[in-house]
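Have a look at the structure below before the remarks.
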Amino acid sequence: MAKLYFYYSTMNAGKSTTLLQSSYNYRERDMSTLVYTAAIDDRFGVGKVTSRIGISQDAFLFRSETNLFDEINEHLKKEKVHCVLVDEAQFLSKQQVYQLSDVVDKLKIPVLCYGLRTDFQAELFEGSKYLLAWADQLEELKTICYCGRKANFVLRLNDQGEVIKEGAQIQIGGNDSYLSVCRLHYKEKCGQI
């Protein structure tokens, strides 16, 4: 039975690595996958899912106006799809999460989404909010704070390594711009305790 999955975490937990491994596992068994990533995230090149450990795969892009159900349904007319995998799923809209649930419910294709749960202000992203609400299965991928505790928050940093507390929710960046931390160190660095 097909399901909608959401694998979530803070940054540097291996979400893209896990997605790429899942896609490889399907393809190794002669099953086809459709891999998507957000057009907004071009850190490693447009149309690529790339892991920090150096592996990558070409991907279709989703933008705010992309109708994922229609696009996947069109692709099915050309070839069978055994699994859909979505990287940077926090950037999905509410409507796109609903479309992915239709891929599961109407097309009977499993959809595996990977993304951040919250932003640098500890607020849910739109895509994450609706995946947390509507996914059939949720799984947290864990990483650690510099103190060794589980990291479940992310700090945004400026060029001098100082914490930024305000700004646009979406700012594409990697290890130079963000730091995954535990709740205690998030509160400390944000001046909340």
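Glycine too: its Cβ is placed from the backbone N, Cα and C atoms.
As given in Swiss-Prot:
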ACT_SITE  GLU88  active site, proton acceptor
BINDING   SER9, THR10, MET11, ASN12, ALA13, GLY14, LYS15, SER16, ASP87, GLU88, ALA89, GLN90  ATP binding site
BINDING   CYS145, CYS147, CYS182, HIS185  Zn(2+) binding site
Those binding-site residues of SER9, ALA13, LYS15, CYS147, CYS182, HIS185 having Cα within 10 angstroms of GLU88 (active site, proton acceptor): LYS15
Closest of SER9, LYS15, ASP87 to CYS145 (Zn(2+) binding site), Cα positions, binding-site residues only: SER9
Near-site residues: Zn(2+), ref CYS145, CYS147, CYS182, HIS185, CB cutoff 8 A to centroid: ILE144, TYR146, GLY148, ARG149, ALA151, VAL181, ARG183, LEU184, TYR186
The one of LYS15, HIS185 whose CB sees the fewest other CB atoms within 10 Å, among these binding-site residues: HIS185
Spatial separation of CYS182 (Zn(2+) binding site) from MET11 (ATP binding site) - C-alpha basis, Å: 12
Between HIS185 (Zn(2+) binding site) and ALA13 (ATP binding site): CA-CA distance (Å): 17
Minimum Cα separation from CYS147 (Zn(2+) binding site), reported as the residue among binding-site residues SER9, LYS15, ASP87, ALA89 that achieves it: SER9
Inter-residue C-alpha distance, ASP87 (ATP binding site) and CYS182 (Zn(2+) binding site) (nearest angstrom): 23
Cβ-based isolation winner (fewest other Cβ atoms within 10 Å) among the binding-site residues MET11, ALA89, CYS145, CYS147: CYS147
Number of other Cβ atoms within 10 Å of the Cβ of ALA13 (ATP binding site) across all protein chains: 22
Shortest C-alpha distance to HIS185 (Zn(2+) binding site) - which of the binding-site residues SER9, LYS15, ALA89: SER9
